[in-house]
């Protein structure tokens, strides 16, 4: 060991005997022998890498044999002999340089790393491309010396029986010497006197680390991509030509400082580590005790089950035995009765003897009762009925349900609480609530979804249902991961929670999640493919719930036809259902990449004007909201228009300039700059039209925060309107299209 290494290691002075677990090969489970560093930075014995490669070689060879000879058996050699290993290494089947392109022997260069389980590709040169871990090798050697303490390393020059104990080892001569032999073989004034020597060792490492790819070059740089030393040829034209490299001295300094800081941190936290070890020991003891207690309780439960089953079994067997004996006695009695009907025996024989009686009074006295018995016997012959049923159907057990219950018995205890999935849940006048279960959850019997009303816009209870505010109400049992809740009040805040049940044991409730219902019932519609729909620039999906604008060749040709000062018009698409009364709400999503999209409402007369008067070459100031973001809409006006559209595009939402007939939430305006009307585009946008009040509202559909509202002329039938320019896409919410798609 050099003086620098002694100084760096002396700062921590960890007993060498305490690090054995770090010196064990993950394959052979023994101390490392000539360890090699894999590309994933894990170390493996040289012989173990060969064994892995040989096993993979045999798998490849056997697979090739099986493909050529159907039905050929495979044979695996779990522990290959060293003779076979050496033969494979010499033949080049393991080290890839011996493999030829025309060879039928499969080339094997990939092995699974036993440390991280990743496949490691050793490349064309195989094992020869791997660095030897000399540092680990030296530590293993020091460990071996500390472990055998009393076993000394002997001088390699002295001959028995006068062989002396070695005091030095020469790294250049790769031999160990006693003091006298060292002086003899390293005389002063000769080149050998300059050799590097260390304490007695059997591990002779090279003085300079050479590049495995360019065997005559020393490594002098460190590749930060591959995390391995390289030489200058590797950087100039080798496999590391385009990789980021640093000088070896810089890498050495940085890595050493990081390692030293990490070690110092761990040492400074030694008390904390010992406390945590104590806590872990306590947990191990507690786990052992609780496990034994659980075993005893489980045994008791099953013993009670066994006792109950045994009692029921004994009771049923006793009932069967009693019923069997009773029926056999009845049938035997009937047999005896029928045997009495036979001639010269029983009842018939007795009757024949009575007929011999000559005294009339005595005969009448006896024959009356006998005649009754004979008549009964005669009737029994006419209608034969066994006195007992030999079938025991009433004792047949159907235990299929009980068997199913026993098989489905779950011993996971109280289930983990589910979590409500905010991103997939939707709330309108109906709520679709989705939740997620833990990744390692055991099967559950069902779930219970509960909800309660927290308040509405007026924050005052309405007549007839005010008592329900704040009271949790449960929906029906749910056997999936989502549930529907019906008949929610508009413009109200609701809280939801869910819990799971397994074997009559309920989990804790999930954290409460609150949703705000829209201010009006859901308006159901699909995109119309009949009115004004441009098939050249708009793509409507088959369900008619999503429309996409494609800025393709047709868009470029239109741009080429117009003159300077004009613009390309919007491509409009509307809903297939109009509104002529009441309040209605719908929601949709505009993709963030969309260039420019106008959304809102428009009357049938205004839409007819737009569709029948193409404005590809008209002035951008055609009307107050031309669909072009030219600034013409910014002028304040008091007139109530038969349409209102707001602009979304490039991840932004543009609020039209407010007038006396419109209002904007103060939260939307930057402090000190009320003219700032650009907001981040919401993930979902909601529109509410109050036809009777002649007013339209725009909401952030996730938070139900009103972004903008304006008066609108509702003299005709109003339609949801969408205008697209450039690339863009609009997707209607599932609740909006649900009823239309069902019909």
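Just so you know, the numbers here start at 1 and follow the chain as drawn.
Just so you know, glycine gets a Cβ as well, placed from its N, Cα and C.
The domain 'RING-type' annotation in TrEMBL covers 25-51. Within the domain 'RING-type' (25-51), the DSSP-based counts of helix, strand and coil residues read 6 helix, 7 strand, 14 coil.
Taken from TrEMBL, the feature region 'Disordered' covers 62-82.
Under the heading compositional bias 'Low complexity', TrEMBL lists 64-81.
Annotated domain 'B box-type' per TrEMBL: 206-248, in sequence order.
As annotated by TrEMBL, coiled coil applies to 270-326.
For the domain 'COS' (355-412), the model gives a mean pLDDT of 78. Among the features that TrEMBL reports, domain 'COS' is placed at 355-412.
Counted with DSSP, the domain 'Fibronectin type-III' (414-520) comes out as 3 helix, 46 strand, 58 coil. Residues annotated as domain 'Fibronectin type-III' in TrEMBL: 414-520.
Residues or ranges marked as domain 'B30.2/SPRY' by TrEMBL: 505-740.
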